[in-house]
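So the structure is just underneath, and the comments pick up after that.
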Amino acid sequence: MAAENPFKENLTSLPKPGGGEFGKYYSLPSLNDPRIDRLPYSIRILLESAIRNCDNFQVKKEDVEKIIDWENSSPKQVEIPFKPARVLLQDFTGVPAVVDLACMRDAMNKLGSDSNKINPLVPVDLVIDHSVQVDVARSENAVQANMELEFQRNKERFAFLKWGSNAFQNMLVVPPGSGIVHQVNLEYLGRVVFNTSGLLYPDSVVGTDSHTTMIDGLGVAGWGVGGIEAEAAMLGQPMSMVLPGVVGFKLSGKLRNGVTATDLVLTVTQMLRKHGVVGKFVEFYGDGMEELSLADRATIANMSPEYGATMGFFPVDHVTLQYLKLTGRSDETVSMIEAYLRANKMFVDYKEPQQEKVYSSYLQLDLTDVEPCISGPKRPHDRVPLKEMKSDWHACLDNKVGFKGFAIPKEAQENVAKFSFHGQPAELKHGSVVIAAITSCTNTSNPSVMLGAALVAKKACELGLQVKPWVKTSLAPGSGVVTKYLLKSGLQPYLNQQGFHIVGYGCTTCIGNSGDLDESVSAAISDNDIVAAAVLSGNRNFEGRVHPLTRANYLASPPLVVAYALAGTVDIDFEKEPIGKGKDGKDVYFRDIWPSTEEIAEVVQSSVLPDMFKSTYESITKGNPMWNQLSVPSGTLYSWDPNSTYIHEPPYFKNMTMDPPGAHGVKDAYCLLNFGDSITTDHISPAGSIHKDSPAAKYLLERGVDRKDFNSYGSRRGNDEVMARGTFANIRLVNKLLDGEVGPKTVHVPTGEKLSVFEAAEKYKSAGQDTIVLAGAEYGSGSSRDWAAKGPMLLGVKAVIAKSFERIHRSNLVGMGIIPLCFKSGEDADSLGLTGHERYTIDLPDDISKIRPGQDVTVTTDSGKSFTCTVRFDTEVELAYFNNGGILPYVIRNLIKQ
């Protein structure tokens, strides 16, 4: 069991200038170990955490040594424990987390223990930002109208979260309409350095959203984890992680005139994807750092999941301190942060000579080489230089269906869909823009690109250009500060004139909450099989995510979103072709509306002020009248309503006893689905709209829910019945068992029937037959969606055999008791001749002590084939989870024993 901290003699006082002390801290220099000076800054944060939390039980002295010896130990894939300083949630992932906590309290109660042991031990911040939809756009009243609809749809969920904020200690809930979680985290919640009862330590955070990495731009170590892992971290469990390699990314030079931070991040994303950084930290350094504003850094850090890294880390320097002052942190706080980080060798001062850090590998980018670009049409790392966009688009129309292809026959490529839009003649072609959204924390946190977009709108208005009325335009800032500086600059009216009215403060289009297109537009697209485009300043553009009818989705900077909205198509060469005709009848080109870097800098300087941040965040937890009027039950145990279609008691702990179920293999399982590469968590557990013919729709209709009130899958994650039916329900699912047919169906192997995935799974379960899933590379990439593991578990899936897994998803599968297995290098289902019509036996020992992390096992089929796979339990702790039937039963049993 836990002992006292062996490093207590390293506890040192941090003096205040002018007398007194800021507090005590665990001093890295007092260890007198020269290896620490060579460590990357990101690894120093892990080291400090290990020293501070060392109790020779959860965190051992040898763990500290592994981190100090990072240079030698990181290539060996060693495991370390990490205890983050706090946990961050948003409402889509927060609702199921609070449901699980409430359910764990019930389980503790039933097992005769104290249910109040289930309480967050670290600060938990939950920001409600994922529920607002763009129902109303292009209207002065859009914010209010969308918020009223948001509350009508989500009243029950919001009341449940409000109950949670009262029932659990240490939990702050930021009400709807306040902003996007990662931007609120950057501008307000991020501490950089904690001072808890006189103990100083670096802020660090894990969040149930993959873009938690945005906070890395502020020098705070943070990354996305599954909801299941986050719940364990809240309850004081150390997170088990492999000590990561760190890629050193050197930046030099400065961005050319007219090039944006978004162009830079799309370039960095492509470079890092190519380099291969999955499971690694990326740490930025070099002279170019001084040219990047903190918002630019946050934009790059935000997209870590898109380049595949665990973190994209920017150590704290003078730029960070300036930003902390700008965003209203007090002078006293900023001086404590600087003093602590300097004293503990965690501050970078570019005015001083830099000691060489050691990195696992190195990359370099001269900022002057970055050129304007966008990414798409289906993946964030498929970057296209702006000057090549037209030719790339035509290649995409020609290419066979794939990440860069739509397979439109040559004779159909010039088709025009003519229709009437509210009485006025309108037309759509392949590439016509039907959604243009300035959205997402990635970019709305960055004043230079937001004000850049407003300047494009202003120039367009002055020249007489106008966005066509059938383009669904929207602006959804990540915090109220954006509204304040857009108004202060006098530029918001120009955005309004082009249809970019503010529609709400939340994720909106970036996560698929784009709302309906006008019926006439939808019909024109569907009836004529048009490949319509969405252009958004988001961070993800996977198929079917932004809107079911936009097959081409491009990520672009906010000013480019406005430019493409004005052009009305992505089928344009901005260098050579005019965007439109001005009021004088002359052609207007891209160069005529594009602002210079100097113009943007001037407006940023005069419009973005510290008071805006102070006044916005002083009132953030006060909520709004609709939030304040929500009535919630009191009591620390939740009263489940069996008729609720939003909040339902899940079955995870139904028959739980104090005895773990133990390890087990899989015998004679059928294949539920057979996939190729790049199956995302969006494919496994979609967040967007509930299709009218889906099993989830049938369930809701049977319970008296109108179609208009279905809401989204994301909003119903507190109901396991809906979510089990929504598992593998993505309309773009490609399952090899269906021989080329696209859609959320599968073949029930014993009968050969074609059924919905849910119906097939139920059939297997009622016959007592286990199932597995076959997959290709990058299985589970995308959002850190714990329902992508919970759902398959509820469907009876016992194992997933893939070429490779995305980091968060693999740990989520383990957390739910599903076995992740990898084919051997160079092998996959196709090369082994597996069709998915076989039965599979996985030969795993029944005794957990006989299983090692990463060991090989034999898989045999009833057709006589046998092959070797690697079991992806990566750590001893993960084996303990598996033995217990998952991470949450493990935590409950441990808490009862304490």
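Just so it is clear, glycine is given a Cβ too, placed from its N, Cα and C backbone atoms.
As recorded in Swiss-Prot, the features of this protein are as follows:
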- GLN90, ASP209, SER210, HIS211, ARG540, ARG545, ARG703, SER784, ARG785: substrate binding site (BINDING)
- CYS441, CYS507, CYS510: [4Fe-4S] cluster binding site (BINDING)
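Proximity note: of the listed binding-site residues (GLN90, SER210, ARG540, ARG703, ARG785), ARG540 have a CA within 10 Å of the CA of CYS510 ([4Fe-4S] cluster binding site), given in sequence order. In three-state terms derived from DSSP, ARG785 (substrate binding site) belongs to neither a helical nor a strand segment and is classed as coil. Classification of CYS441 ([4Fe-4S] cluster binding site) by DSSP places it within a helix. Within 10 Å of the C-beta of ARG785 (substrate binding site) we count 32 further C-beta atoms, all protein chains included. Annotated pair ARG785 (substrate binding site) and CYS507 ([4Fe-4S] cluster binding site), C-alpha to C-alpha distance, rounded: 16 Å.
Counted within 10 Å of its Cβ, the other Cβ atoms near CYS510 ([4Fe-4S] cluster binding site) come to 29, all protein chains included. In the three-state DSSP scheme, GLN90 (substrate binding site) is classed as strand. Each residue contributes its Cα atom, and for CYS441 ([4Fe-4S] cluster binding site) and GLN90 (substrate binding site) those atoms are 13 Å apart.
Cβ atoms within 8 Å of the centroid of the Cβ atoms of CYS441, CYS507, CYS510 (the [4Fe-4S] cluster site) belong to the same-chain residues ASP129, ILE180, HIS182, HIS211, THR439, SER440, THR442, THR444, ALA476, GLY478, GLY506, THR508, ILE511, GLY538, ASN539, site residues excluded. Following the DSSP three-state reduction, the secondary structure of CYS507 ([4Fe-4S] cluster binding site) is coil. For the binding-site residues GLN90, SER210, the largest tally of other C-beta atoms within 10 A is found at GLN90.
Its own atom aside, the Cβ of ARG540 (substrate binding site) has 25 Cβ atoms within 10 angstroms in the protein chains shown. Rounded to a whole number, the distance between the Cα atoms of CYS507 ([4Fe-4S] cluster binding site) and ARG540 (substrate binding site) is 12 Å. Among the binding-site residues listed here, namely GLN90, SER210, ARG703, GLN90 has its C-alpha nearest to that of CYS507 ([4Fe-4S] cluster binding site). DSSP assigns SER210 (substrate binding site) to a helical segment in the three-state reduction.
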